[in-house]
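Here the structure comes first, spelled out in structure tokens, and everything after it is commentary.
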Amino acid sequence: METAPKPGRDIPPKKDKLPTKKKRPRRYWEEETTPTAAAASPGPPPNKKRNRELRPQKPKNTHTAKKSRVSRKPQIVQKPRERRDAEPPRSLSGAQDPFPGPAPVSMEVAQKFRRIDKSKKLPHSKSKTRSRLEVAEAEEEEISVKAARSELLLTEEPGFLEGEDGEDTAKIRQADIVEAVDIASAAKHFDLNLRQFGPYRLNYSQTGRHLAFGGRRGHVAALDWVTKKLMCEINVMEAVRDIRFLHSEALLAVAQNRWLHIYDNQGIELHCIRRCDRVTRLEFLPFHFLLATSSETGFLTYLDVSVGKIVAALNARAGRLDVMTQNPYNAVIHLGHSNGTVSLWSPAMKEPLAKILCHRGGVRAVAVDSTGTYMATSGLDHQLKIFDLRGTFQPLSARTLPQGAGHLAFSQRGLLAAGMGDVVNIWAGQGKASPPSLEKPYLTHRLSGPVHGLQFCPFEDVLGVGHSGGITSMLVPGAAEPNFDGLESNPYRSRKQRQEWEVKALLEKVPAELICLDPRALAEVDVISLEQAKKERIERLGYDPESKAPFQPKPKLKGRSSTASLVKRKRKVMDEEHRDKVRQSLEQQPQKQEKAVKPTGARPSALDRFVR
């Protein structure tokens with residue numbers, strides 16, 4: 001019986017169809033390709049595994065002769081390819097960059113970041129030293145250009161106040177400014193009515209976020225003045241003469257009637273420093289961790305808060321010290337005295353670095369701008385003067401005030417505020433590096449009581465005023481730097497960031513011995529001392545070792561010019577030259593002694609024959 005063949009048997013299998021190559025989609029930024037070019041373009045790489053299977057495999061035990069490393073084929077020298085004109089880089093859309101290359105930087109902006117003075121050069125410097133200086137100058141120039149170019153990334157710009165149709169800005173009231181600004185800026189203007197415990201002294205933290213103030217009748221408080229959140233509030237039951245934040249807002253120094261006290265941000269007393277007694281004014285040097293205090297007894301004391309030791313206690317010998325400020329540029333303390341002079345002090349010197357005669361009467365207030373270039377003083381003669389601190393100490397401008405300024409303060413951008421009774425006047429200049437013009441005030445504000453303390457808030461257009469009626473926060477457009485360095489003074493840092501910053505600041509603490517008038521002199525070579533040391537060395541040795549170039553032995557052949565033999569020959573020649581010079585100096589010594597014993601023009605004596 002025949003059976004039907006099953007499907008699939010005795011039927012040749014169908015060949016698999018080759019997969020058709022799909023056409024690659026063209027992107028919108030790619031150019032169209034011609035069909036000839038598409039055909040000539042190589043396809044996908046062949047499958048390496050399939051090719052490996054088709055190759056004939058060699059037996060494992062057969063040994064083949066090694067090929068010579070020297071190629072027998074004649075080497076053809078390839079000509080270098082001619083480079084075509086490189087097209088400018090295109091973006092994804094195919095458009096060219098309209099501003100290729102780095103952004104241009106003006107030399108005036110780059111000059112602001114330079115620290116090396118190229119005009120000063122070392123006389124008779126060696127080639128190695130000269131090359132190192134050239135490398136340092138090149139690196140410094142490149143860094144200054146990068147820093148100047150990074151200013152394009154700053155997001156904020158300084159504000160200013162301008163009147164309409166020639167209107168005098170001094171007539172603009174604080175209420176008008178509050179109505180014109182946004183809500184966030186308007187909230188920065190406030191008044192604290194604290195007549196019960198006034199008058200008040202105040203201080204802002206380095207970041208400008210926290211405010212501390214102390215009243216004459218013992219009231220001490222600290223708060224986040226932006227959010228109006230109170231940190232601590234205590235009454236020390238003693239007169240408070242001054243108050244200062246230390247390196248962070250977590251520590252607070254209060255000059256009370258008898259001694260100096262340190263509190264934390266919770267109002268807990270940590271230390272009572274009895275060696276600093278009857279303190280009148282406080283200043284904190286942030287880069288040196290030094291707290292400077294002036295007292296009624298006429299002593300200027302430097303306290304290192306990182307280790308808790310007194311670095312220096314200097315007697316100014318000028319009576320009671322009520323006027324004190326610091327130079328933010330070089331950390332020099334300025335003291336105002338009752339004889340009309342201002343003295344400049346450093347903990348490394350027991351005498352003042354300089355004394356400036358400023359007024360005919362006693363000095364009432366002193367302030368120094370952030371660049372350390374200008375100093376403002378006011379005295380009992382009702383004079384307000386601006387001095388140049390760049391080595392000349394000469395007055396640049398002066399103005400007679402009706403009452404005389406009892407308190408002065410400079411802003412970060414060079415605005416000068418003066419408290420005269422219950423009136424605050426603010427003068428502005430042409431910019432940060434220019435002195436303020438005393439001809440016409442920029443702003444004027446009247447308070448509810450006489451002024452007792454002034455300070456501009458860092459990185460905010462705010463002036464804090466402490467008076468007998470409490471605390472007033474004024475809006476001063478264009479007073480502060482609009483951009484802050486987040487690694488140095490960050491107002492929005494967390495507790496962890498503050499702790500890490502404290503550790504880094506302690507590691508980078510500047511020693512107190514380096515405080516001087518010109519901090520750039522620390523990086524320069526003292527040429528005068530170098531020449532004096534050279535002269536003393538010549539007198540001690542009897543010859544100049546650097547007058548003649550050192551001997552360089554010539555190399556010999558056949559392995560006789562090893563390093564040891566060269567050094568040996570070099571030392572031998574140097575020893576011979578040294579013996580000759582010492583022999584000459586010994587021969588000249590008796591002649592010098594004879595000249596010293598027998599001065600020219602002296603009468604001969606009968607006892608000269610006994611002198612040998």
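Glycine too: its Cβ is placed from the backbone N, Cα and C atoms.
Remember, TrEMBL labels are computer predictions, not curated facts.
Positions annotated as compositional bias 'Basic and acidic residues' by TrEMBL: 7-19 (among others).
As annotated by TrEMBL, compositional bias 'Basic residues' applies to 47-72 (among others).
Residues or ranges marked as compositional bias 'Basic and acidic residues' in TrEMBL: 79-88 (among others).
According to TrEMBL, the compositional bias 'Basic residues' annotation covers 121-130 (among others).
Annotated compositional bias 'Basic and acidic residues' per TrEMBL: 573-584 (among others), in sequence order.
The domain 'BING4 C-terminal' feature in TrEMBL is assigned to 441-519.
Look at TrEMBL and you will find 1-135 (among others) tagged as region 'Disordered'.
Residues or ranges marked as region 'Disordered' in TrEMBL: 544-612 (among others).
The feature repeat 'WD' is assigned by TrEMBL to 356-390. Taken through DSSP, the repeat 'WD' (356-390) splits into 0 helix, 20 strand, 15 coil.
The DSSP breakdown of the compositional bias 'Basic and acidic residues' (573-584) into helical (H, G, I), extended (E, B) and coil residues amounts to 12 helix, 0 strand, 0 coil. Counting residues per DSSP class in helix, strand and coil order gives 17 helix, 22 strand, 40 coil for the domain 'BING4 C-terminal' (441-519).
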